[in-house]
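Structure record follows, encoded as structure tokens.
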Amino acid sequence: MIIKPKIRGFICTTTHPVGCEANVQEQITFTKNKGKIANGPKKVLVVGSSSGYGLSSRIAAAFGCDAATIGVFFEKPGTETKPGTAGWYNSAAFDKFAKAEGLYSKSINCDAFSHEAKQKVIELIKQDLGEIDMVVYSLASPVRRLPDSGEVIRSALKPIGETYTATAVDTNKDCIIEATVEPATEQEIADTVTVMGGQDWELWIKALSEAGVLANNCKTVAYSYIGTELTWPIYWHGALGKAKMDLDRAAKALNDQLSATGGSANVAVLKSVVTQASSAIPVMPLYIAMVFKKMRQEGLHEGCMEQIYRMFSERLYRTDGAKPETDSDNRLRLDDWELRDDIQQHCRDLWPQVTTENLSELTDYREYKAEFIKLFGFGIEGIDYDADVNPYVEFDVIELQ
């Protein structure tokens, strides 16, 4: 079939398998060009490995460190008449390229919050790898089914305490609007912590540890975003921030546990990037369009892959073997360039000046839109979007019901 982009709200409901493969290829090429990470991990589990930072982590491990990787994700395959999710095609492409280089690659399509997912991964590790020396936790799910009760909990992207009103961009109509978001209830805050906090990360490490499949020097990392006062009301000081603070709590507990055998647990605070997750957060698209333009001008721009390669090579797996630089809360800070005073001051000054008319001139809004559509495999140079493609893409994936 011929597949064209169809956008509804802040998601694109169609995806292009060839475009998604090209995205993965581009990240692999970047990683290979940067060179091998000398003392990188060799057996890596990535929970949430199909897009964004999780996918880049799997690529950095495999193509930057020659690691065997197991990827866990929850995606929909395509059929003969309907495209699957971008994450399905990304994972299929990763698997194809990894196997072509003789790298071990196993993928599990399942609910990562479930007990079954953890048991299946443990079984695979025991059978094929013996143990793992890195666990990347990169889930971005709006809902979580509690593994014991089966209850479904939903998160809320809301401020705390008071209604939040700010200048934002309507990405469907490409115009500047006033966005208003009502505050979260106490229950919504608690639910957001349950879905997006550190509980499931702890459950993964507990299950892997009790099964005896964590190597002595195993490192684990989970991803977070803090931002600045421009986005704090909706993010760090909102319900989502409470969940990310719970991730910090979990990191401390896990680090105490893993450091006893030479391992470590850290939260890595990353920069804002265009992902399906960030596009859903009010004001983030406008902020990203602003900050990207300034960072590009300063030669500091990074996408997911650049960030993760830097985290591996300059933080967790340094050539001198030294411990990574961390902040006072033991976090790895990869948002250091974004948070530079000159970059943030530029955004603060610009925010009140942006109108629908000058949006594309003052910010990188056009580039934001292009990067957004690229997530789904569209708008990529060299791909013939009028050509017939098969949306049904098979690969070596274990399906758990």
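Quick reminder: no glycine exception, Cβ is built from N, Cα and C everywhere.
Keep in mind that this is a model prediction, so the values were computed, not measured.
Here is what Swiss-Prot says about this protein:
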BINDING   48-53, 74-75, 111-112, 139-140, Lys244, 273-275  NAD(+) binding site
SITE      Glu75  site 'Plays an important role in discriminating NADH against NADPH'
BINDING   Tyr225  substrate binding site
ACT_SITE  Tyr235  active site, proton donor
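Proximity note: of the listed recorded positions (Glu75, Tyr225, Tyr235), Tyr225, Tyr235 have a CA within 10 Å of the CA of Lys244 (NAD(+) binding site), given in sequence order.
For the pair Asp111 (NAD(+) binding site) and Glu75 (site 'Plays an important role in discriminating NADH against NADPH'), the C-alpha distance works out to 9 angstrom. Taking only the Cα positions, the spacing between Tyr225 (substrate binding site) and the residue listed as 'active site, proton donor' is 8 angstrom.
Counting other Cβ atoms within 10 Å of each Cβ, the lowest count among the recorded positions Phe74, Tyr225, Tyr235 belongs to Phe74. Counting in whole angstrom, Phe74 (NAD(+) binding site) lies 25 from Tyr235 (active site, proton donor) by their C-alpha atoms. Non-local neighbourhood of Gly48 (NAD(+) binding site): Gly54, Val72, Phe73, Ala112, Val136, Tyr137, Ser138, Leu139, Ala140, Ser141, each in the same chain, at least six residues away, with C-beta under 8 Å from its C-beta. On a Cα basis, Ser50 (NAD(+) binding site) lies 8 Å away from Glu75 (site 'Plays an important role in discriminating NADH against NADPH'). A distance of 24 Å separates the Cα atom of Ser50 (NAD(+) binding site) from that of the residue listed as 'active site, proton donor'. Comparing the binding-site residues Leu139, Val274 on other C-beta atoms within 10 angstroms of each C-beta gives the minimum for Leu139.
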